[in-house]
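Here's the structure, in structure tokens; my notes come after.
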Amino acid sequence: MAYRKRGARRETNLKQDDRMQEKEENKSTNSVIENKNGTKTQLSEKVLSQKEEVITDNQEETRIADEVKKSNKEESKQLLEVLKTKEEHQKEVQYEILQKTIPTFEPKESILKKLEDIKPEQAKKQTKLFRIFEPKQLPIYRANGEKELRNRWYWKLKRDTLPDGDYDVREYFLNLYDQVLTEMPDYLLLKDMAVENKNSRDAGKVVDSETAAICDAIFQDEETEGVVRRFIAEMRQRVQADQNVVNYPSILHPIDHAFNEYFLQHQLVEPLNNDIIFNYIPERIRNDVNYILNMDRNLPSTARYIRPNLLQDRLNLHDNFESLWDTITTSNYILARSVVPDLKELVSTEAQIQKMSQDLQLEALTIQSETQFLTGINSQAANDCFKTLIAAMLSQRTMSLDFVTTNYMSLISGMWLLTVIPNDMFIRESLVACQLAIINTIIYPAFGMQRMHYRNGDPQTPFQIAEQQIQNFQVANWLHFVNNNQFRQVIIDGVLNQVLNDNIRNGHVVNQLMEALMQLSRQQFPTMPVDYKRSIQRGILLLSNRLGQLVDLTRLLAYNYETLMACITMNMQHVQTLTTEKLQLTSVTSLCMLIGNATVIPSPQTLFHYYNVNVNFHSNYNERINDAVAIITAANRLNLYQKKMKSIVEDFLKRLQIFDVSRVPDDQMYRLRDRLRLLPVEIRRLDIFNLILMNMEQIERASDKIAQGVIIAYRDMQLERDEMYGYVNIARNLDGFQQINLEELMRTGDYAQITNMLLNNQPVALVGALPFITDSSVISLIAKLDATVFAQIVKLRKVDTLKPILYKINSDSNDFYLVANYDWVPTSTTKVYKQVPQQFDFRASMHMLTSNLTFTVYSDLLAFVSADTVEPINAVAFDNMRIMNEL
């Protein structure tokens with residue numbers, strides 16, 4: 001029986017105590033009694049509990065109740081763990097959502113490799129002329145559909161591919177234009193691509209391997225006239241050595257000839273001499289006395305180079321493109337870290353920690369706050385901090401600070417950091433947290449002031465508020481400097497540079513910091529215990545003992561930053577980045593405490609490498625902008641504007657190499673499109689598009705997949721004989737047919753005219769470029785004639801889905817052989833209007849192309865410069881004093 005027990009709690013407690021005493025006296029009690037005692041011990045723990053306990057005399061029930069409670073506890077623990085895991089997972093999900101809005105998340109090595117792999121375009125050697133057309137031999141068919149033994153040469157497209165979609169033919173021309181832009185050479189040297197003419201009498205050469213192959217095929221064709229063979233045998237180059245000019249014979253379609261002639265007339269190569277190379281080196285490095293630059297040879301008169309395209313800020317990616325800007329700054333940061341020199345001859349970590357321990361008199365102390373001063377100090381952290389600071393400034397990448405408020409040494413080191421690095425380099429929340437910690441831990445307690453209660457969202461930073469409240473001149477003066485520590489924007493050699501304050505560059509600001517720290521250490525800390533005051537004073541003492549080294553460190557930091565900054569070619573726009581580089585204040589302490597006397601400056605080879613990578617990326621960036629602007633203009637003029645725009649912008653970003661395009665948010669894609677639309681088209685690219693536009697009909701004729709129109713009728717129309725195909729549903733002219741323009745029809749959407757004519761049994765010719773599907777099976781063709789063509793026109797009234805069908809009936813068909821005595825005449829309710837491609841005429845296709853006989857294009861201009869440095873220990877800063885004075 002179970003009953004409620006309210007009044008006898010004290011009695012139970014006494015009995016419990018007696019039994020516990022008995023247990024202590026007699027340790028040989030049997031296990032049953034021990035079990036009972038164990039159960040009652042649990043009860044004694046709950047004596048003072050306010051909850052009512054249900055006591056039962058049934059041992060089994062007690063055990064079950066205990067197990068239930070135990071399982072409940074375990075369940076609640078598991079629930080807590082699940083909730084905790086869920087919370088952590090939620091944070092990870094939120095972080096992942098943020099990550100997805102930033103286009104690059106790849107290992108650092110791969111980003112660096114992508115940047116270094118961007119080479120100038122002229123490194124691609126042209127081995128062939130640009131061609132859209134090639135001559136092909138096609139059989140001739142007799143009136144009865146049998147193939148003759150004779151062949152005829154026609155100009156056909158080399159790459160006859162049509163993409164899927166409603167605007168197939170227009171997309172074909174857009175893709176063709178993109179292909180031309182990709183293959184458009186910056187220069188052509190015909191001598192490099194010339195090959196031997198096998199049929200030449202005197203080992204002459206023709207312009208490229210394709211010309212040689214065409215000549216060979218024509219020479220071997222039995223129907224070729226003797227005069228043409230003799231002409232091929234005479235084909236060879238003509239050299240005018242005194243003018244450095246050579247003429248090569250070529251076989252080209254007139255349109256291809258126009259393209260290649262344009263490329264030859266508009267080459268981007270310029271003469272190269274020593275002056276150009278020397279002026280190519282950034283002026284600040286040329287004038288830096290620490291670097292000795294020398295050229296030990298003259299360049300020949302045939303030397304050429306392609307001027308890099310270094311236009312600035314055409315898209316302003318720093319403005320309202322947070323994800324794209326984050327990716328660019330990340331890749332710049334990774335590149336910059338790879339070129340910042342490693343610190344040398346740092347103070348031994350062990351020796352420094354031992355010295356700091358002596359200064360702190362740690363053996364005699366009982367408090368532990370000062371032992372924290374020594375945590376995390378190591379040379380790796382010092383070197384990492386040095387690289388992070390310089391690389392973040394070079395890439396204008398925002399940093400966030402990580403620190404522990406109770407580690408006063410970290411906060412004092414943070415005061416040096418905030419003195420030498422402009423405020424803009426830190427994410428605002430992190431900067432506020434660090435400044436607030438310094439004020440409430442060091443500055444306000446020193447003067448006995450109340451803690452600062454900072455309101456989140458206050459436009460002023462804690463240091464700005466403190467500057468108005470602190471009466472001490474030195475401390476207020478230092479706060480004023482930190483509050484106004486901003487980059488100066490200076491345009492040097494046409495590039496916007498973010499320059500440090502002169503007081504930081506020469507290290508004088510460290511003396512200002514030390515004066516403020518000395519004032520703080522002399523204060524009484526009236527509201528704090530003596531131990532607290534002593535800890536702060538000893539932390540300040542540790543830093544002030546390193547005054548000379550800190551001045552040197554500041555000068556070294558500024559010198560390396562400015563020297564590497566001279567190699568940056570894109571404007572250094574400063575915008576806070578979405579992601580940040582974490583900086584531990586303990587690593588700043590490591591840097592302050594372990595910096596030695598050894599000067600480190602970038603090697604000339606490192607500078608040249610950094611400069612080359614920056615130039616190549618910047619030039620590629622501008623060229624890809626030119627391509628994208630040209631394609632957008634072409635899409636607009638081909639009425640593909642709405643459909644193709646996003647893919648054009650995606651292609652543009654892919655070609656910049658560093659972006660993971662699938663992660664770029666759509667809003668930034670369309671904003672990028674709007675910026676690209678405003679830019680003018682580069683003249684070469686515009687001329688090339690106009691060439692394509694003027695010759696669209698010739699290109700359509702040469703295609704086997706593009707028709708110039710379609711004829712539709714209710715009544716059957718007989719197949720006509722065509723000498724190129726045999727019997728086909730092809731019309732070579734539109735005489736006698738009522739014509740309607742397809743483009744106009746799609747624009748107006750008025751199909752009444754077509755349906756009326758068809759219902760009156762009048763064939764209609766819809767004229768305009770559209771693709772057709774070739775099908776040589778007669779049975780499958782007849783089965784789908786009416787359904788595919790007429791139904792779509794009359795019922796769906798959608799001309800843009802029209803697919804005209806070309807089919808052939810000739811002696812080569814798989815399932816049908818047409819002979820003269822067949823009574824059945826094949827018919828069709830649709831005909832394809834297709835103009836005859838241009839016949840290949842050898843005389844009209846032979847062109848002489850002219851180029852320089854020889855010149856050499858150099859892509860790496862700095863390879864000619866031999867460079868060395870003075871002994872780093874003698875290296876001087878901008879003020880003509882040694883960078884490191886504390887020797």
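Cβ from N, Cα, C; glycine included.
What Swiss-Prot annotates here:
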- 1-87: region '5-fold hub' (REGION)
- 1-43: region 'Disordered' (REGION)
- 9-27: compositional bias 'Basic and acidic residues' (COMPBIAS)
- 28-43: compositional bias 'Polar residues' (COMPBIAS)
- Phe231: site 'Interaction with the intermediate capsid protein VP6' (SITE)
- Met235: site 'Interaction with the intermediate capsid protein VP6' (SITE)
- 401-421: region 'Hydrophobic' (REGION)
- 429-449: region 'Hydrophobic' (REGION)
- Met846: site 'Interaction with the intermediate capsid protein VP6' (SITE)
- Met848: site 'Interaction with the intermediate capsid protein VP6' (SITE)
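Structural mapping of features recorded in Swiss-Prot.
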| residue | record | Cβ contacts under 8 Å, 6 or more apart |
| --- | --- | --- |
| Phe231 | site 'Interaction with the intermediate capsid protein VP6' | Phe842, Met846 |
| Met235 | site 'Interaction with the intermediate capsid protein VP6' | Asn197, Ser200, Gly204, Val206, Cys215, Pro249, Met846 |
| Met848 | site 'Interaction with the intermediate capsid protein VP6' | Arg238, Asn247, Tyr248, Pro249, Ser250 |
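Confidence over the region 'Hydrophobic' (401-421), given as mean pLDDT on the 0 to 100 scale, stands at 92. Secondary structure from DSSP puts Phe231 (site 'Interaction with the intermediate capsid protein VP6') in a helix. Its Cβ taken as reference, Met846 (site 'Interaction with the intermediate capsid protein VP6') is surrounded by 19 other Cβ atoms within 10 Å in the chains shown.
DSSP assignment over the region 'Hydrophobic' (401-421) gives 13 helix, 2 strand, 6 coil. Taken residue by residue with DSSP, Met846 (site 'Interaction with the intermediate capsid protein VP6') is part of a strand. The DSSP breakdown of the region 'Hydrophobic' (429-449), given as helix, strand and coil counts, is 18 helix, 0 strand, 3 coil.
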